[in-house]
Amino acid sequence: MGKGGEDYGKREKIGTESQNQGNVFPAWAKDVKECEKKYEVNREFGLSTGDVEKRLKIYGYNELEKHEGVSIFKLILDQFNDTLVRILLAAAIISFVLAWYDGEEGGEMEITAFVEPLVIFLILIVNAIVGVWQESNAEKALEALKEIQSEHATVIRDGKKFSSLPAKELVPGDIVELRVGDKVPADMRVLNLISSTLRVEQGSLTGESEAVNKTVKAVAENTDIQGKKCMVFAGTTVVNGNCICLVTETGMNTEIGKVHSQIHEASQNEEDTPLKKKLNEFGEVLTMLIGIICALVWLINVKYFLTWEYVDGWPKNFKFSFEKCTYYFEIAVALAVAAIPEGLPAVITTCLALGTRKMAQKNALVRKLPSVETLGCTTVICSDKTGTLTTNQMAVSKLVAMGSRVGTLRSFNVEGTTYSPSDGKIEDWPVGRLDYNLQMIAKIAAVCNDAGVEQSGNHYVAGGLPTEAALKVMVEKMGFPGGLNNESSSGHEDVLACCRLWNKMEQRIATLEFDRDRKSMGVIVNSSSGKKSLLVKGAVENVLDRSTSIQLLDGSVVALDQYSKDLILQSLHEMSTNALRCLGFAYKEDLSEFATYSGDEDHPAHQLLLEPRNYPSIESNLTFVGLAGLWDPPRKEVRQAIEDCKAAGIRVMVITGDHKNTAEAICREIGVFGPDDDISSKSLTGRDFMDHHDQKTHLRQSGGLLFSRAEPRHKQEIVRLLKEDGEVVAMTGDGVNDAPALKLADIGIAMGIAGTEVAKEASDMVLADDNFSTIVAAVGEGRSIYNNMKAFIRYMISSNIGEVASIFFTAALGIPEGMIPVQLLWVNLVTDGPPATALGFNPPDGDVMKKPPRKSDDSLISVWILFRYLVIGLYVGIATVGVFIIWYTHHTFMGIDLSGDGHSLVTYSQLANWGQCGSWKDFSVSPFTAGPQVFNFDANPCEYFRSGKIKASTLSLSVLVAIEMFNSLNALSEDCSLVRMPPWVNPWLLLAMSISFALHFLILYVPFLAQVFGIVPLSLNEWLLVLAVALPVILIDEVLKFVGRCTSGLRHSGSRRPSKHKAE
């Protein structure tokens, strides 16, 4: 970058110093000559080769920095910076070491021992790959920013013009020529206009809705970026005219360079989503609980692997059993595996992915999965105005024509918000009976106009200036004298039929281009009557000043008196107050110089047209005929969307680069503000907000807020302050200038149609239709998805509590281990997975958008829910351990015969002290069958408690699976009974339960899998026992839900206190 590392560093230093010390030369506030003197350059000669080389060493190349990305190694390490992942990793390592130790002794359990650590390692590897892939895409916004930079420039150096110099070689002081269509290569001061006007499209950088006229005149030093009319900025495009400019800033010191820095800074400050934070907190609590339970298990069982004798009151003769110690190590590993819902990340990802599909159907394209969940707790939507709240299509809203006598005006409201001629009509319009005055307005609007409108699919698009396109649409709505438009304009082929007829009647032979001084455009036409006429449209005050008469309704022309002029200006003021952009129409028929002119270059009159300074005199003594008010109308569906936001407790803040009056009028129109609200404290410019003495208090006001003339840094500051105050912020934007704030917001939302690639890459979500109401629909979907995620997280955690309880009871009672870690892993990953995923398909609540947004720090599991699942977990523990004990100690249970396999019974005391089996006299057990296998213990009866526990262990595992399937039905609703919300409201859940049972049968009845998982097939009676022990879980939770419904008022009254903002 630059001329190697040294130059790059030097340039950075200069840029930083100048910004910090306020030493940036304000070229926009200085005269042209002063600018040339400062940069030691002559516009005719340009810089010399020697000067360029010196400046390149100081400033470096004119390109954006390439920030060093995070190394792949660090990205991989970061994936393990998570509490749950660390516990799993530790469990996998310990499990692997123990499997290796056991493997040296051989035996049938060797395969089983290695499956568990390998599966855990596989989970961790897949998790790391997904995480690295997501994070490596984070910096694409910076790459997209580079795409909008110009590659070449026309430069004057050493007195010669170089038409295709690489733009990266530009330095401050270079003289550059810009033409129509050029992309501006650096920030530059306009020195000289070659054409009469220069217009630049800079909306993507400044947020302005229209191309901006540029001038050579200096402006005040403290002017905001939109007001710097004598400056052109890197990355913007020239749409009209050409000029000579002086480069003032290059590379990272340009406005686009500052945006680049802000995007990079914002990307460094990305925070975890609310769900990620809650899961991290849950992981920390889980770590503590696992630690406590492991310690308890060890303390309870320390007598089995560590013994001693008391001699003279002191413990001596310690005996340590390494084999039993490793056995309890395995129990600790089993605890870790049981406590962690390994399938949770996969289920969350699946649920979020399904959510993105649902949102895509509603035109919201989600780029980052966690954004789906974050949308659900959005508390503030910061929206751009142009194109999001409005259509980004100009439309005529009001037409004012002259009355039947002096001192009277006629006003017509024009319906429609798009470029479609059939979108709306003109109220109280004399269809087919246009008077002379209205005909003249239609003629001027149609002929003094360079725009076009075309049909593209189901919508209409403008070619040329939006204001001119809107005027042509108005002409189509006005119709043609005699009603010819009814047949013509409705035709699919000819969208602008009326305009074509007017252009056929009034053939243009010369154009007086618009310029910033006279603020009007004129055309000389050869009328069908054979006369030459001048048709003019432009700023109402300017056209009116050059008018000496007005045309009345019947076509008669009378002198323009002061009363009529004041009346027209009063109408103009009313329309301007309502944020309408007004254009006046006038004509002139006495054109003596052009009487014989037909466009011939040799005609004397042609010389007059070559000099723009002659245009004001040609456009004098005009006859004024009327005026039209145009606006960028709000989208029809936005008002309802704003109402939905209010009902959902979401505040809407409009942040726009547009003018204050225009923005205020739109905000009143769409319902952000009421029609009669005093908004003096709620509507500020970006600069006023930055100067505000208490910014946070201003942002905390209830209802909507408006920030107009906002710059990128203002948007960032607003987002930053809102986030500091605990708000979850969704920010919309389409331009380069919006990218830093999009990156900084909790949810960055870019426009799919009008948005730049930079904005899209910086965003979390893209609106395919650029529509604000789509955001509101997406928020509703996000809330519904979160509720479903809560359901399956509750389900999976309650299942894990049951598994922990099972292992704890096993250890506490001293009976043989009921379930081995690989079985628990299978349950957590495979068996629990389908029902948990299916819970993501729960139908949304009808009132999901009528509740206030949940706070981002609301607990995932309330105290009551935790208590409920501790009770359920306790039952799961009792049931799984109980069925294990029943098989060893009973031949019948609840009338179910269990003696069919021929197994021997033992007493509970023997089962609890199975470790002392070797010392029992005359202890023997008979063989038993399990499927085709026969288990014989003649060689070592004590194996009955080790390899012989396989049937009891299978029963425990089957009870666990069955209970968790029934428990998934409990998770359909937090408080609703299964009577009110039966299982078939979510048919996917029933299908998922069937799949989970099928998978369990698979590992039971396929011999190879049965061996891997250390289980055996069960008989019909044994399945009846499983169901008898598992079904009560539904009844227990129904009772708890009933208690929950009865006490919900008491529980929620304490939590419904006014929210307090974070202390500043």
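Quick reminder: no glycine exception, Cβ is built from N, Cα and C everywhere.
Curation plays no part in TrEMBL annotations; they are all automatic predictions.
Pulled from TrEMBL, these are the features on record:
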DOMAIN    26-100  domain 'Cation-transporting P-type ATPase N-terminal'
TRANSMEM  83-101  transmembrane segment
TRANSMEM  113-133  transmembrane segment
TRANSMEM  285-306  transmembrane segment
TRANSMEM  326-354  transmembrane segment
TRANSMEM  792-815  transmembrane segment
TRANSMEM  861-888  transmembrane segment
TRANSMEM  988-1008  transmembrane segment
TRANSMEM  1023-1043  transmembrane segment
Positions whose Cβ lies under 8 angstroms from the transmembrane segment (988-1008), at least six residues beyond its ends
826, 830-835, 837-839, 841, 931, 954, 958, 961, 965, 968-969, 972, 1015-1018
Same-chain residues at least 6 beyond the ends of the transmembrane segment (1023-1043) with a Cβ under 8 Å from one of its Cβ atoms are 868, 871-872, 875-876, 879, 882-883, 886, 893-894, 896, 898, 955, 958-959, 962-963, 965-967, 969-970, 975-978
Please list, for the domain 'Cation-transporting P-type ATPase N-terminal' (26-100), how many residues fall into helix, strand and coil according to DSSP.
46 helix, 1 strand, 28 coil
Taken over the domain 'Cation-transporting P-type ATPase N-terminal' (26-100), the predicted model's pLDDT averages 81
